[in-house]
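Lifted from TrEMBL, the feature list:
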- 47-107: domain 'Peptidase S54 rhomboid' (DOMAIN)
- 51-75: transmembrane segment (TRANSMEM)
- 87-105: transmembrane segment (TRANSMEM)
- 166-253: domain 'Peptidase S54 rhomboid' (DOMAIN)
- 178-198: transmembrane segment (TRANSMEM)
- 210-230: transmembrane segment (TRANSMEM)
- 236-253: transmembrane segment (TRANSMEM)
Amino acid sequence: MNAIPPVVKNLIIINVLLLLATWAMQSQGIDLVQYLGMHYPGSDKFMMHQIVTHMFMHGGLAHLFFNMFALWMFGRVLESVWGSRRFLIYYFVTGLGAVALHMFVNHLEISSIQNAVEAFRNTPSPELLDQFVNKNLPNAAPRVRDFINAWYDNPTSAAHAAEGLSLMERILQMKMDIPTVGASGAVFGVLLAFGVLFPNTQLMLLFPPIPIKAKYFVIAYGLIELYLGFTRPGSNVAHFAHLGGMLFGYLLIKYWNKTTKHFY
């Protein structure tokens, strides 16, 4: 890794070591993701250090590989042009901006769920529970569907209403306790910067194997993430974090261009 500039090299090393540590600790019954992954601030599992540490955690080998490959491919060019200090600042600003936008969108989703739970608490009904489960737990276990169907048969049952409220509160808590991990937000910021600084550089896609200019690649990727963010809000991919990394990266580059040409 001698040809890799120091910040990119050390970022890759830290990310790899933390994935190895995650695997090692799992064998001891310790889940590092719960300690270092970013939790919703309203969750009991949220800790301040997670705002930074989540950027160095990954959900698996494939997740790590693609992020680190992109960091190596584009980040080493940026660090060589900008210098290590500027690149490191850019990396963290985009990573933190990414999680900020993701948490904002997550807050909107959680608030909507909380409002639905409160509405159900005031006027419980099988219809409200059915709508809630379809929206927030579409792949619910058969026993959940069986419970809802049984309540439809006995809509005035206080026991069913109490159990329905308990189910909704558990779903709410589950949503709040889902950790966010990955360097993807910062990596998307790196990708954005490469497209801005080297817009006409030819990149070769893997699927399909055709050349494309960096500026078009970045625009296409951003539009895809925007589309997926709105059409698949319940997926396990933090699309708005990716967009946040690109947005904050763009704003930071614009700021740098207006203030000084010699930041480092």
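Cβ atoms here come from the backbone N, Cα and C positions, even for glycine.
These figures come from a predicted structure and were not determined experimentally.
The stretch in 87-105, 178-198, 210-230, 236-253 that contributes the largest number of Cβ pairs under 8 Å to the transmembrane segment (51-75) is 178-198. For the domain 'Peptidase S54 rhomboid' (166-253), residue counts in helix, strand and coil come to 58 helix, 7 strand, 23 coil, using DSSP. Helix, strand and coil counts from DSSP across the domain 'Peptidase S54 rhomboid' (47-107) read 53 helix, 0 strand, 8 coil. Confidence across the domain 'Peptidase S54 rhomboid' (47-107), taken as the mean pLDDT and rounded to a whole number, stands at 96.
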